[in-house]
Amino acid sequence: MTDTPESLIIRRPDDWHVHLRDGELLRGVAAFTAHQFARAIVMPNLSPPVTTVDAASGYRDRILAAVPEGVSFTPLMTCYLTDHTSPDELERGHREGVFTAAKLYPANATTNSAQGVTDVANIGKALERMAAIGMPLCVHGEVTDAEIDVFDREKVFIDRVLAPLVRELPELKVIFEHITTRDAVQFVDDAGDDVGATITPQHLHINRNAMLVGGIRPHAYCLPVAKREEHRLALRKAATSGSAKYFLGTDSAPHARHAKESGCGCAGIFNAPFALESYLQVFEEEGALDRFERFASENGPRFYGLPLNEERITLERTSVDVPAEIDAGDTTVVPFHAGEMLRWRLRR
Ligand SMILES: NC(=O)N[C@@H](CC(=O)O)C(=O)O
Ligand SMILES: [Zn+2]
Ligand SMILES: [Zn+2]
């Protein structure tokens, strides 16, 4: 092992999967993402979901209004696919620079996905159009069949939905988002260059024990749910491998504290405030600090066909205390790593 440097200077990273919410909560959380990242792919699972060009451009305006003055941040918008999405609307949004990508939520797979797609056959025409115009597809990769165990839902999705889709439309750019299994890593490794994946900080840090040992811990619950240790290790290997197919996507998903600490707690981990610090610790532990920039700042824009950021940021090797909770607008949110100490800090 070579000595760990005291600081790391890299291109400013982007977040290729984030939930910024709307209203008060948006105003409470936007600054955290904007301080950490130059751009972010913003998820459309609002209520009601973002299904039109007009809705996305209105939402983009509200996001920009919530970003603190003097902070440069570009939200990249996505269109929520439903059984009735019009290929023309997708194409218009993409052409006008409003929709960077479209998002496939299998109906009822996760938060605000009730209006998602009930069968991928229903969006066949939309996907063909996306492939034709080079518009990427973001995918929440879990089946929802009641008889499939929640820990197997990603693997079954690969076999039943994703593999056939990629076979039938090989020219479609697909981002298999927030992957959580060795099976997903295997699938992405074996697929062509038009298949990439995002990996969250939580799935690199925790396995399912974090959620279930010594009491039930709602702040470690997100979807897809964290899996066994062997899967976490496979994800760490993939993220730090240097492969161009894997890139940063936090899936930061804030829910009010009371909505998570409940008889039926919401899925989602709020990791935006210390996302880079959290990822970087993993790369340090894996002896892969030299590969962090690729994962955080290069692979994502290259996959999406967007320019790399020219700004640089500095991460310092100094400890930082993560607060037990964070005020976000009119509510309180518990961040990932609450009450822990992390070993890196983003210089402001
Ligand atoms: N990841 C989560 O657990 N929750 C996300 C939805 C999602 O990304 O699936 C949310 O919007 O809360
Ligand atoms: Zn998801
Ligand atoms: Zn998400």
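Positions of Cβ are set from backbone N, Cα and C atoms, glycine also.
TrEMBL annotations: computationally assigned, not manually curated.
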Checking TrEMBL, the member of ASN45, ASN108, ASN122, ASN299 that binds substrate with HIS19, LEU20, ARG21, HIS140, LEU223, HIS255, ALA267 is ASN45
Which of HIS84, HIS178, HIS203 shares the Zn(2+) 2 site with LYS103, HIS140 in TrEMBL? The record says HIS178
According to TrEMBL, HIS17, HIS19, LYS103 bind Zn(2+) 1, and the residue from ASP194, ASP251, ASP290 that belongs to that same site is ASP251
Going by C-beta under 8 A and a gap of 6 or more residues, the same-chain neighbours of HIS178 (Zn(2+) 2 binding site) are HIS17, HIS140, THR198, ILE199, THR200, HIS203, PRO224, GLY249, ASP251
According to DSSP, HIS17 (Zn(2+) 1 binding site) sits in strand
Taking the centre of the Cβ atoms of HIS17, HIS19, LYS103, ASP251 as the Zn(2+) 1 site, the remaining residues of that chain with Cβ inside 8 Å are VAL18, ILE41, VAL42, MET43, ASN45, CYS138, HIS140, GLU177, HIS178, GLY249, ALA253
DSSP says LYS103 (Zn(2+) 1 binding site), in three-state terms, is strand
Same-chain residues at least 6 apart in sequence with Cβ under 8 Å of the Cβ of HIS19 (Zn(2+) 1 binding site), in sequence order, are VAL42, MET43, ASN45, THR111, ASP251, SER252, ALA253, PRO254, GLY268
